[in-house]
Amino acid sequence: MYGVVKLMKIVGQLSDKFYYTDCLFFGAVISATDPVTVLAIFNELHADVDLYALLFGESVLNDAVAIVLSSSIVAYQPAGLNTHAFDAAAFFKSVGIFLGIFSGSFTMGAVTGVVTALVTKFTKLHCFPLLETALFFLMSWSTFLLAEACGFTGVVAVLFCGITQAHYTYNNLSVESRSRTKQLFEVLHFLAENFIFSYMGLALFTFQKHVFSPVFIIGAFVAIFLGRAAHIYPLSFFLNLGRRHKIGWNFQHMMMFSGLRGAMAFALAIRDTASYARQMMFTTTLLIVFFTVWIIGGGTTPMLSWLNIRVGVEEPSEEDQNEHRWQYFRVGVDPDQDPPPNNDSFQVLQGDGPDTARGNRTKQESAWLFRLWYSFDHNYLKPILTHSGPPLTTTLPAWCGLLARCLTSPQVYDNQEPLREEDSDFILTEGDLTLTYGDSTVTANGSSSSHAAPTSAEEVLERDLGMGEQKVSSRGTRLVFPLEDNA
């Protein structure tokens, strides 16, 4: 964009000063992607969940970085008369401000989320659902106010507070409070979204100091296209080096297409419109937001069809998840290893929850650092902050017995469960599982026994597996589930 500004000066379209720091600020502002329209269409069409997750995660963290980065650029103040010249001390000060604001906002949000989890766990708020919902909302809002009062960024603090609350606090709420809280935030989200886009439309026609520069606007569109291409394709390439399930070219093209700009870019641009450069940035940002939302958002459905991205991937209902939450899992094979190419089709139907298949796949792809985090979270953080996980008396050292008993809630002993889906691998050996139907029993290694007459495993499966109620015994636990006719 600095090159575009130099070109504007050459052709005589620059009527006032436009510094390099202004270009940096515009780059930070316009880098905040907001594919809310695309994600809404993805949700409506039930597009591939991996693509949805990639775009959503990018937009959330991108907004957080854009907020802090723009604040750091504004804080860049070199010593001397020329306040826009490069100064090493001011540069490193801005970098320090960026790291300090981001880490401070992250810490404040996470700490508030932890405090909320502890309050909902060790009090009787679940007996008062209305008060529980109100307190949950007010403590979330207080995160924003506290961060702003301390000089941090409220939006970033709320982001990490929400991540912490979704992982811990939400599980401590009563069933009624969960429903109320979800509906409350859905309504607030809908109202805020409609307000901000209505405000953008109003600002386009009522703002008195618009500066329309065709060269700057066209240059901004080209810079956005080049910047997003330099972001999507190289990073996808590096990610694919360590991923088993690669990010395909159609996904990369769709992510490239989905780089909408929205509410965050508008909010950052409108904060300061005092100078000529900031007025030009605000006008250009408005036009970019409207163009990307209308044109790119409207072309999402045709682009999905053109790139052959699957849609209509229905998420199972809660009832279906409870009845058919099984996945195929090969016996005696480490999930972190690719299954050997053979003709063995004997598989085990096993599942722990609605997202077991997705959780196991994520677990298989996770690095050792994330495995370490999953284990630490399950063994220590969840028992401390929620009513789930193993008792702390079994995970903490013996000399911490008193503290472990104080922090472990009675529900943990009643609902003690082993490490599940995304937290650990579930590996069965051949001697761990038997399939029982009537008088016949088939083990995982293919052997069978019958109270009436000896029968081979293949005959038992062909004769009996297509109907009736099957029973699986695994390590002393009997699971009863229906089998489809084509199983």
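Each residue, glycine too, has its Cβ placed from N, Cα and C.
Look at TrEMBL and you will find 17-306 tagged as domain 'Cation/H+ exchanger transmembrane'.
The transmembrane segment annotation in TrEMBL covers 18-42 (among others).
Look at TrEMBL and you will find 54-76 (among others) tagged as transmembrane segment.
Below 8 angstroms of C-beta separation, residues 64-65, 68-69, 71-72, 75, 125, 135-136, 139-140, 142-143, 146-147, 150-154, 156-165, 168-169, 172, 385-386 of the same chain, each at least six residues beyond the ends of the transmembrane segment (97-119), sit close to that stretch. The annotation transmembrane segment is assigned in TrEMBL to 97-119 (among others).
Sequence annotations record features per position, and here TrEMBL assigns transmembrane segment to 139-163 (among others). Among residues of the same chain six or more beyond the transmembrane segment (139-163), those with a C-beta under 8 A of the stretch's C-beta atoms are 60, 63-64, 67-68, 71, 101-102, 104-106, 108-110, 112-113, 115-116, 119.
Annotated transmembrane segment per TrEMBL: 184-205 (among others), in sequence order.
The transmembrane segment feature in TrEMBL is assigned to 211-230 (among others). Long-range contacts of the transmembrane segment (211-230) within the same chain: residues 1, 3-5, 7-8, 11, 13-14, 26-27, 30-31, 256, 259, 261, 276, 279-280, 283-284, 287-288, 291, each at least 6 residues beyond the stretch ends and with a Cβ under 8 Å from a Cβ of the stretch.
The feature transmembrane segment is assigned by TrEMBL to 276-297 (among others). Residues 15-19, 22, 25-26, 29-30, 37-38, 41, 197, 200, 203-204, 207, 209-213, 216-217, 220-221, 224, 257-262, 265-266, 269-270 of the same chain lie 6 or more positions beyond the ends of the transmembrane segment (276-297) yet place their CB under 8 Å from a CB of it.
The feature region 'Disordered' is assigned by TrEMBL to 331-360 (among others).
According to TrEMBL, the compositional bias 'Polar residues' annotation covers 442-453.
Look at TrEMBL and you will find 442-469 (among others) tagged as region 'Disordered'.
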